[in-house]
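*Asks:* So Swiss-Prot lists the following for this protein:
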TRANSMEM  15-35  transmembrane segment
TRANSMEM  50-70  transmembrane segment
TRANSMEM  81-101  transmembrane segment
TRANSMEM  103-123  transmembrane segment
TRANSMEM  136-156  transmembrane segment
TRANSMEM  169-189  transmembrane segment
TRANSMEM  209-229  transmembrane segment
TRANSMEM  246-266  transmembrane segment
TRANSMEM  275-295  transmembrane segment
TRANSMEM  301-321  transmembrane segment
TRANSMEM  333-353  transmembrane segment
TRANSMEM  364-384  transmembrane segment
């Protein structure tokens, strides 16, 4: 059975299963954001110290994305996905059992290894498995899976953690991954590696100034976002003085707004990707500047979160579109680099938020995050003027 002869129904089932896998991988990366206070309590540690777990995870993904992608470039993709899921599930069992914080961090490193490879191959696999002429929709489904991790995965993970303990959240993610693995084994055909690129692709990509500029923009804007977002749960409870339940609601609003951002980008992204990204970054700057003033009431924080969620989703989707358009000849290498760079930003933001919370005041995380966000806004305007044509999305062939 090949990808060319299967029915459209089976082809879509394969893409949907990949989207569910994307949902699970993104949920586990972000779910600690909603569990920091609970994990800190169980290990009798300050919340800001537990937050270093976010930085370690993100930087392991950043460092290992490209090396692991190159090491596995010749491995048949179905077998590779199965191996990734086995590592992913085993690491979640270890998270569930973690008897101290060090063991929890080790388990998260195992998950990060699986994550590093998964995100470097997923976009190209979705395109290969999609029904004819439906490549853009397949990528959109993967993006939806990613968005739903913020909308449903993170808040549900937090609710489970609130009522049953954070260990149960990690165990439940492992069970979800096991079910997805069974579906992948049943649905996926053999998928020989193709168009994955190699080390030879790197000098070629590094000689593309427009692409390098997008990578730089990505790391700066993601650092800005995660400086505040990584600590939003303790911020709501300790700075704003609001309830743990409202922290859950706020995460739900932030994620739900991401779906609106996804719809907006889906409608306008093909024609207006560049101005949309700049407008979204400007919106991010405003939201970060207003984070502390908005902490005076639940309604103000809720409204701010809607605009924040829309902005970060448009930014994330826009960056992916730019990278894929600028590196159609080495998508796996380009996306592995993108995943790595995105995670450098996550780790840097979480680290900055950690240091600000420990040595200054958690109340200022919005103001501190707004500084790189403003730099990103200026840089986006410069590069979209410098490369107006080459940065637009190339048409699907």
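Cβ coordinates are placed from backbone N, Cα and C, and glycine is handled just like the others.
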*Asks:* Can you tell me which of 50-70, 81-101, 103-123, 209-229, 301-321 gets the most C-beta pairs within less than 8 Å of the transmembrane segment (169-189)?
*Replies:* 81-101
*Asks:* Of the stretches 50-70, 81-101, 209-229, 246-266, 301-321, which racks up the most C-beta pairs under 8 Å with the transmembrane segment (136-156)?
*Replies:* 246-266
*Asks:* What stretch, picked from 15-35, 50-70, 246-266, 333-353, has the most CB pairs under 8 A with the transmembrane segment (81-101)?
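*Replies:* Comparing 15-35, 50-70, 246-266, 333-353 against the transmembrane segment (81-101), the winner is 15-35.
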*Asks:* Hey, would you say the transmembrane segment (301-321) packs against the transmembrane segment (15-35), going by three or more CB pairs under 8 A that are 6+ residues apart?
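*Replies:* Result for the transmembrane segment (301-321) with the transmembrane segment (15-35) is no.
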*Asks:* Name the range, of those listed as 15-35, 209-229, 246-266, that has the largest tally of Cβ pairs under 8 Å with the transmembrane segment (333-353).
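*Replies:* When the Cβ pairs under 8 Å are tallied, 209-229 comes out ahead.
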*Asks:* Can you tell me which recorded stretch out of 50-70, 209-229, 246-266 has the most Cβ pairs within less than 8 Å of the transmembrane segment (364-384)?
*Replies:* 209-229
